[in-house]
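Annotated features, as they stand in Swiss-Prot:
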type   : residues : note
DOMAIN : 107-444  : domain 'PUM-HD'
REPEAT : 128-163  : repeat 'Pumilio 1'
REPEAT : 164-199  : repeat 'Pumilio 2'
REPEAT : 201-239  : repeat 'Pumilio 3'
REPEAT : 240-275  : repeat 'Pumilio 4'
REPEAT : 276-311  : repeat 'Pumilio 5'
REPEAT : 312-347  : repeat 'Pumilio 6'
REPEAT : 348-383  : repeat 'Pumilio 7'
REPEAT : 384-418  : repeat 'Pumilio 8'
Amino acid sequence: MSNQNERVAAAPFQEAVESPAQRILWERLRTYDHSFPLSDYSPETLFSSDLQTLEHEFRRFGVSELDRGDQDNYVNGYDALRSFHERSRSASVMGSPYGNLEDVPYLPSNPFFDQTPWSDDAYGYMYGIRNTLLSRAKDGIESHMLQYVIAKGLKETIDKIFDNLISHVCELMLDYYGHKVFRKLMEKCTDEQITRVLDIVLEEPFEFVRLCVHTHGTHAIQGLMRSLCSEEQISRFMETLCYVSLLLTKDVIAHRVILFCFNQFSPSHTRYLLEVIVQNCYQVAIDQNGCCMLKKLIRQSSRELRDPLIKEIISIAVRLCGNCYGNYVVQYLLRLKDYEVTSALSKHLDGNYVQLSYDKYGSHVVQKCLESREFSSRRIIAELLSDIDSLLVDPYGDYVIQTAWIVSEDHVRHVLLFYINRNVPFMRCNVYGRKLLQKLNIWT
């Protein structure tokens, strides 16, 4: 008997079902009835006002007026994720915003966002619960919705979003999703708002460094740099950056801020930053990340910027050659194949080739100099002959002699062969000497 009454009560609604979207609404109402049993769904029911509100919420999201493509999407996965604000309001009526799922976890078929969640009021979507705007910006799905609102919203909407996030700007810049919202917001901010962000970011140098060395923070800082437009803003930023630049150049992540700065701003703005790097060139070059930054800076910068840096590197080239990281900076200058650079470098290295050949890292530089067409290999070999007896049995010098043998012409090779033959008995008693004889195929 109860089943018959249930069919009678449901009949008016079943007759009204004309589209997949309305079937969805019908299924949701049946779920609501399962959670809160009612005698019927007539307007006189105690909960009729709640049901009307519920139906209005469905229509607000376009359920009752979908086109054919949207209907197909909702048929295949009608449980598209709604905003947190809408879910919280639905939960007060239905218990669970997606029906009585018992212990089954909810996995939305549409992992992105509603098609038109801000159809009524763009800012009303997020402003309903004021304190959750930061959590929305840090949410994987709702951050996309917030970025859309920022991109399409009016100035009043952006101002309200900015006022709610400005006090949490540093936390936002360090978050995986939040820093994307921050960068989008910077594109829409006024000069006054950007200045307010600068006041917070640059207030404490330690906090600024913490942002720059963070994976997401460094991208957020670069987004802020793109938004700087006035001379005052750029000058304030560069002043703080110069103060901590030595720390940033030695960090694997933060050195990108230094490189981006030279690409983003004019030489007049980066002049003092370049001076700091040049004055501390040796400290930067002997650091693992610093040497990489110097090579990128030389490769990417204009001649106006890189010439002072190259000049300083050449002046300390002998010291750099003996360092495990600094020698790569000197080798990079050889790869430029610039006659003026190699000529100046050759003048500073002359007289030091023997000393460098005994060094683990310096020997690599000597080998590169021998292979470089811009260097005179004959002059280098002539210097090596002054102490060739020791180089032939040295663990690093023997590699230099091998390279000299390969790059030398016949008449120079005959000179090398004379000295090698003279030291064969001594070389046979030494592990490195024997290896050299085998490499040169002159084992006798």
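Don't overthink the numbers, they just go from 1 along the chain as shown.
The backbone N, Cα and C atoms fix where each Cβ goes, glycine too.
Not measured: the values here are computed from a predicted model.
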Per-residue pLDDT averaged over the repeat 'Pumilio 4' (240-275), given as an integer: 94
DSSP residue counts for the repeat 'Pumilio 6' (312-347), split into helix, strand and coil: 28 helix, 0 strand, 8 coil
Intrachain neighbours beyond the repeat 'Pumilio 7' (348-383), with Cβ under 8 angstroms and 6 or more residues off its ends: 314-315, 317-318, 321-324, 326-327, 330-331, 334, 337, 339, 342, 390-391, 394, 396-397, 399-400, 403-404, 407-408, 412, 415-416
Outside the repeat 'Pumilio 3' (201-239), six or more residues from its ends: residues with CB under 8 Å to it: 169-170, 172-176, 178-179, 182-183, 186-187, 189, 191, 194-195, 247-248, 251, 253-254, 256-257, 260-261, 264-265, 269-270, 272-273
Long-range neighbours of the repeat 'Pumilio 2' (164-199), counting only residues six or more past its ends (CB under 8 A): 130, 133-134, 137-140, 143, 146-147, 150-151, 153, 158, 207, 211, 214, 216-217, 219-221, 223-224, 226-230, 232-233, 236-237
Tally of residues which DSSP labels helix, strand or coil - the repeat 'Pumilio 5' (276-311): 31 helix, 0 strand, 5 coil
